[in-house]
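Pulled from TrEMBL:
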| type | residues | note |
| --- | --- | --- |
| TRANSMEM | 26-44 | transmembrane segment |
| TRANSMEM | 64-89 | transmembrane segment |
| TRANSMEM | 126-146 | transmembrane segment |
| TRANSMEM | 158-177 | transmembrane segment |
| TRANSMEM | 183-205 | transmembrane segment |
| TRANSMEM | 264-286 | transmembrane segment |
| TRANSMEM | 332-348 | transmembrane segment |
| TRANSMEM | 354-375 | transmembrane segment |
| TRANSMEM | 387-410 | transmembrane segment |
| TRANSMEM | 422-441 | transmembrane segment |
Amino acid sequence: MNANENEQYSETMIQQNKPKIAKESGWRWVVVLASLVFIAIRTGTERCYSVFYLSLMHKYNIEYAEVSQLMSTFYIAYGCSGILAAPLIKWAGCRACMMTLGIIASVSCFIGSLPGPFWKIVLCNGLIPGVCFGIQVVIAFTAVNQRFKSQLNLANQLICLGFAAGSFLSCPLYQALVENYTVNGALMVISGFYLHTIASGAAMWPLDKKPIAEEINAFRAGTTDEIESTGIKRNGTANVRRASRMFQSVRHSFGLNLFCRPEFYLAVFVYACQIIALSSVFSFLIPCAVTKFSLNKTQASFLPSAEAVGEMIAKFIWGIFFNRIPKRWQKPVVCCHFLVASVLLAILPSVRGFPSLLCICATFGLMVGGIDGFYSCVCIEVFGTEAFAAVFGYTNVVALGSSSGFLLLIGGIIDSTKDPSVAFYFGCGSYVLAAFLLFCLNQRISNSSKKVTNA
């Protein structure tokens, strides 16, 4: 096989790994709805498992540092598994992966609901669902982004409506389940909720394209036969070329070229700060409301729901009106939202009274509600549709891995100081840093655009 044929292989791999944009048919909105349902189910785990904290601490006689291992393990698994999403999507397709992982998450949660030690809950309700959801969330966004050319911002905001809807519905529901069926009974019911992600995956009909596994295997079979027939193996150059082709395949599948772009690091750390702030707030909001704000458990469970109401309003506003803001002002506007959110978290520990706390949480949701959809659109704008799955996967690795470490750190500090409001100050600092990094990203993109224009 000569150099021209090797170059032809590289071009073929690029075309095979490049996602195909489907025609904008009505079915794309069914995929949006299916993704929204999955995100809502997944968010119930991320934002509302803190409902179980006090019950688990009482049942197993543990402190905040130990009980926070549940969500820390979930975030680590959720983040690290995201890097597998891009090659799995190219290999098996969105639909098959989504449905298979939904079954695994449901069975695992059911096993975790059975009586046993605390580590079994961490494994079956934290680690394994985290692995499944980390891949599924990338699949959900990728399935939608592959089907939209226009109205992409609206579609992403509608998907992210699941973050708010899941929190709004799940926290009071989980609290009612704990009060009526204990923690184990509540987890058993939740395992049934996870089964609905199978239906979400069933709606993601594949695009008019063969699974890439078949195409790659067919291509490799042809090139292997040619190598053997021409006798190139005798001089050893075939092994070198085969290694080169393997590296090209891995590079395209995992998007390794992203690591050469400074914008990638800035974008990832902006979203990581957002996730660190949200995980800090939602993991300790309900315990803090009960122990420090003197609310009962039912009232405390409505605080995340109030935040979710603000998020839902924000997503509708951002989805309809955000594109009307000039491109050069969109990122500075989001920076202002980050700064307002940091101020709200800074004053939250000093607020008293159930109505006032509801207002603060709703306003906080209004400020940060559109960030998830905005980040997806930024990734498409800067890196392109073909790199979206890889960008989102690596973002989850950094964001969720950082969140896991901060949750363990915050849990240890709370055990030492006996003050759960420490979590809100961590969130405040994260949003200030996010605003600074987003400002730097905006400057970087603007400078690159000017260079292209001048050239």
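We count from 1, first residue shown onward.
Each Cβ is built from the backbone N, Cα and C atoms, and glycine gets one as well.
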**Asked** Does the transmembrane segment (183-205) make contact with the transmembrane segment (264-286) through 3 or more Cβ pairs under 8 Å, each pair 6 or more apart in sequence?
**Response** no
**Asked** Do the transmembrane segment (354-375) and the transmembrane segment (26-44) share at least 3 Cβ pairs under 8 Å, sequence separation 6 or more?
**Response** no
**Message:** Cβ under 8 Å, sequence separation of at least 6 from the ends of the transmembrane segment (26-44): give me the contacting residues as numbers and ranges.
**Reply:** 98, 133, 136-137, 140-141, 143-144, 147-148, 155, 158-167, 169-171, 173-174, 190, 193-194, 196-197, 199-205
**Asked** Which sequence positions outside the transmembrane segment (422-441), separated from its termini by at least 6 residues, show Cβ-Cβ distances below 8 Å to it?
**Response** 263, 266-267, 269-270, 273-274, 276-278, 280-281, 283-285, 288, 331-332, 334-336, 338-339, 341-343, 345-346, 348-349, 406, 410, 413-414
**Message:** Let me check one thing: do the transmembrane segment (126-146) and the transmembrane segment (64-89) come into contact, meaning three or more Cβ pairs under 8 Å with sequence separation of at least 6?
**Reply:** yes
**Prompt:** Where among 64-89, 264-286, 332-348 do we find the most Cβ pairs under 8 Å to the transmembrane segment (387-410)?
**Reply:** 64-89
